[in-house]
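One structure below.
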């Protein structure tokens with residue numbers, strides 16, 4: 001059973017309270033599930049999707065075994081600092097932003113292009129507001145700043161404004177609270193890191209999953225555990241091995257660096273494929289236009305992402321001749337495509353007002369040596385252009401921002417202006433990088449994994465980047481974290497229902513025997 005949320009016209013939330021009988025039922029269920037054998041869910045992956053599923057199951061009274069092959073939880077989610085999309089929200093209302101589920105959905109459909117799956121995008125967008133509410137109310141996250149990222153027609157990307165935010169993205173809060181819960185409630189939640197799942201346990205027809213086998217990497221011991229399974233193992237954009245899905249489906253991408261952690265190797269995809277699970281669009285990989293070039297290690301295989309929030313605040317992309325070449329807030333595939341046509345380096349440039357708006361990001365990137373403050377003379381030297389050439393670029397941009405002329409590249413939202421030669425600039429070199437695998441395991445709108453014949457595989461759920469098809473050909477910035485929460489919660493609800501159904505079936509069988 002779910003708690004519903006009713007919105008008044010001011011979007012202020014009024015809770016719908018379950019009946020006393022419902023509360024009693026869940027209390028009884030929690031007791032029964034905690035004392036029965038094999039009544040746990042197994043969540044694989046400790047990123048935002050896995051943590052969302054885990055905490056949803058715990059809230060519904062279930063027990064969880066949380067496995068992660070890494071030595072720390074968080075996955076790629078702890079790198080995501082631009083924020084999470086949602087519409088409509090109280091924060092948008094307070095800031096007089098007119099947005100809706102339909103507007104968000106339409107933006108997402110346009111971005112997804114021919115590969116759009118309307119039913120999944122409708123699920124994603126319609127549950128976005130409740131996802132942000134859940135993060136705020138369940139974990140105390142303060143989402144009090146809005147950004148307009150590339151491809152969005154309204155500011156709808158929510159993030160916090162804590163001074164340490166780039167160092168503590170929202171996933172860190174879930175990691176911390178989940179680990180504390182495990183320490184205080186070991187009967188409800190067990191966590192095992194350094195645990196690599198090697199096989200899904202199924203019936204002979206592969207249409208029912210009832211557990212997994214995993215290896216403890218610290219001592220190489222093998223273990224078998226039982227329960228419905230939630231796969232939240234991430235994508236495969238860091239797998240450069242000979243048997244990688246990248247090499248098999250998108251080999252040209254292997255020449256690029258990645259923003260992904262080394263744990264993103266498609267393990268979950270391969271396990272699902274081995275039991276006849278369906279996949280979709282494995283050849284589609286999102287190449288993000290702005291990965292920082294580290295001056296200390298320019299050819300590094302792993303690069304830091306230059307968050308899209310920088311361009312949202314007003315950053316421009318300039319060639320080594322001091323010229324713009326694209327709408328900086330166009331879709332990611334468009335900006336990347338324009339960059340790849342160039343023969344010269346590209347620099348991300350913020351004026352002082354834009355840098356102030358994203359000051360915590362700038363602080364972090366500057367600390368890492370990825371960005372540098374400079375005056376116009378040094379900027380011209382860096383770009384290998386004259387002051388007159390830079391002044392011409394700035395003048396055209398400022399006039400377009402004022403509405404005096406159309407922008408040459410169609411940019412509509414300009415952020416902090418004007419750009420002036422007397423200002424101080426924050427600058428970093430950027431290149432396209434592997435960022436997100438669009439393809440993955442095929443699920444329905446309840447996060448249930450489907451077989452190649454289109455049927456639901458009982459007891460197997462997936463959420464996060466392992467899931468394919470949600471974002472079509474091109475993902476909007478801020479929608480990856482949203483998909484983790486929305487489909488993570490759905491997977492958690494599904495795993496809880498499966499535990500209940502199997503518990504009742506087991507109890508009935510025992511009683512009749």
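Including glycine, each Cβ sits where the backbone N, Cα and C put it.
Taken verbatim from Swiss-Prot:
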BINDING   41-55  FAD binding site
MOD_RES   100  phosphoserine
ACT_SITE  288  active site
ACT_SITE  311  active site
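Around the Cβ of residue 311 (active site), the number of neighbouring Cβ atoms within 10 Å comes to 31.
Here residue 47 (FAD binding site) is compared against the recorded positions 100, 288, 311, and the shortest C-alpha distance is to 288. Of all the binding-site residues listed (41, 53), 53 sits in the most crowded Cβ setting, with the most other Cβ atoms within 10 Å. DSSP assigns residue 288 (active site) to a strand in the three-state reduction. Between residue 100 (phosphoserine) and residue 311 (active site), the C-alpha separation comes to 23 Å. Taking CA atoms as the reference points, residue 55 (FAD binding site) and residue 288 (active site) are 31 Å apart. Under DSSP, residue 41 (FAD binding site) is assigned to a strand (E or B) in the three-state scheme. Using CA atoms as reference points, the recorded positions 45, 51, 53, 311 were checked against residue 288 (active site), and the closest is 311. Long-range neighbours of residue 51 (FAD binding site) (same chain, six or more residues apart, CB within less than 8 Å of its CB): 73, 171, 174, 175, 178, 488.
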